[in-house]
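> According to Swiss-Prot, the protein has these features:
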- 1-10: compositional bias 'Basic and acidic residues' (COMPBIAS)
- 1-50: region 'Disordered' (REGION)
- K8: SUMO cross-link (CROSSLNK)
- K8: N6-acetyllysine (MOD_RES)
- K9: SUMO cross-link (CROSSLNK)
- K9: N6-acetyllysine (MOD_RES)
- 11-28: compositional bias 'Low complexity' (COMPBIAS)
- K24: N6-acetyllysine (MOD_RES)
- 40-50: compositional bias 'Basic and acidic residues' (COMPBIAS)
- K137: ubiquitin cross-link (CROSSLNK)
Amino acid sequence: MPPKPAEKKPSSTAGKAPASSAGKAPAEAAKKTSKAPAKSGEKKKATKVRKETYSTYIYRVLKQVHPDTGISNKAMAILNSFVQDIFERIATEASKLASYNKKSTISSREIQTAVRLILPGELSKHAISEGTKSVTKFSSSK
């Protein structure tokens, strides 16, 4: 069996989302450049490596809740890490639930059950109500 490829670990720095980049995707906000191998005699072309973060969305929510408040890079990195961790936990639990029921598709029901299992008490109730509201809004917009 071939060895598994190494997983990329996100770096601990996430930049502030500037007000002018509100229309950009989160991956476009933070990019690295790496050199691609080139043939002899030709210039090396820099390729962009995408780094996906939730920084833009965290910044937008912050501005909706507290328009005059800023956020440091370190705080943004912590929040980004938190969102990624919760997302991964919910996705893993939903995947397990789908496999227990011999289904190959994760539906909103599996996500809802995963949230109930992962988040405690009142927090899960609020998360489920907000999720249901978002799904309803999305469905009605089609």
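Placement of Cβ uses the backbone N, Cα and C atoms for every residue, glycine included.
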> What is the number of residues in the compositional bias 'Basic and acidic residues' (40-50) that are helix, strand and coil, as DSSP sees it?
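Each residue of the compositional bias 'Basic and acidic residues' (40-50) counted once, the result is 0 helix, 5 strand, 6 coil.
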> According to DSSP, folded down to helix, strand and coil, what is the residue listed as 'ubiquitin cross-link'?
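The residue in question, the residue listed as 'ubiquitin cross-link', is helix (DSSP, three-state).
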> What residues, ordered by sequence, lie under 8 A Cβ-to-Cβ from K137 (ubiquitin cross-link) and sit at least six positions away in the same chain?
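K137 (ubiquitin cross-link) has no long-range Cβ partners.
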